[in-house]
Amino acid sequence: MDARRARQKDCRAKKNFKKFRYVKLISMETPSSSDDSCDSFASDNFANTRLQANREGCRTRSQCTRSGPLRVAMKFPPRSTRGAANKRTVPPEPPENSVTDSNSDSEDESGMNFLEKRALNIKQNKAMLAKLMSELESFPGSFPGRRSLPGPSSRPKTPRRRTFPGVACRRNPERRARPLTRSRSRVLGSLSALPTEEEEEEEEEEDKYMLVRKRKSMVGYMNEDDMPRSRRPGPMTLPHVVRPVDEITEEELENICNNSREKIYNRSLGSTCHQCRQKTIDTKTNCRNPECWGVRGQFCGPCLRNRYGEEVKDALLDPNWHCPPCRGICNCSFCRQRDGRCATGVLVYLAKYHGFGNVHAYLKSLKQEFEMQG
């Protein structure tokens, strides 16, 4: 009996082994496997086999554990009903062409309505304005300076009176005269001595030669009261001190500035040059004219040389030396403006270009040339 049973067991084992031949081999997962190595499960198609095994296991579990229907708190509608509901909620979209056509039609209609309303408003406003103007013109005293029917004026037009009674009438009233400025009033004097029309014409002809225009004669100024206001010293003018030649020291002669670069500016201890108006500590000239006043006779070395061709040392050692303003040849901007002339500016380079050593000689030659032409 025992041998028989053993044979039956061997036969059963062989049959089971034959069935096991057709089962796929599954590699076991080890902790040493990783994605970086070539022996990973992904390279052996292990993931697919594992998913299939899980699906088969799930099927068997569901078949074993399925005892009744699944109960949940809220039941979802079936797929067919949900699709129908979504289709009902979405409205049908109209074609794009119809939308654009309707928009363009509405815009054209609104534009036409706006233009019509605008034209109507303009027409109404014009009518209202014309009505108001007609009502205003109907009143007699509404526009005092304006007449409804202006008639021809019978009164002859009288010539306009001049502002200055002592001046002769102009033959050409349309031409405007030069304005009476402060500088012109100094030259011309009072209002009674204003020039006549012929003199103004001569002045206009000489305007193109403003640089060397002739100065008005000072013959009429006989006494001090008749002198212009600018020729009299003011109350704040410094007293003029005439220094004799014996008081001039060698230190002062050595302190004479020969170049503008050698100037040292000092507003508390320096002295002012009449020409350049700069306050420096170098030695200036001293006018020996007792009637001179203030700092009018003080000239620095560069200004006296470039403007008048003289030296400060010679002027200090000359007991009869008079400053250019006292001689009437000063060409600084203040003196020229007082005489009715324009300022020359930096004219020394132009004078040297034409062969003259100083500005005074160049202006004198220009004046002689224009007098010969006239």
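Here the Cβ of each residue, glycine as well, is placed from N, Cα and C on the backbone.
Taken from Swiss-Prot as is:
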type	residues	note
COMPBIAS	196-207	compositional bias 'Acidic residues'
CROSSLNK	Lys208	SUMO2 cross-link
MOD_RES	Thr163	phosphothreonine
MOD_RES	Thr196	phosphothreonine
REGION	53-110	region 'Disordered'
REGION	138-208	region 'Disordered'
REGION	146-170	region 'Interaction with MYC'
REGION	250-374	region 'Mediates transcriptional activity'
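The average per-residue pLDDT of the prediction over the region 'Interaction with MYC' (146-170) is 53, rounded to a whole number. Secondary structure of the region 'Mediates transcriptional activity' (250-374), assigned with DSSP and counted as helix (H, G, I), strand (E, B) and coil, comes to 53 helix, 5 strand, 67 coil.
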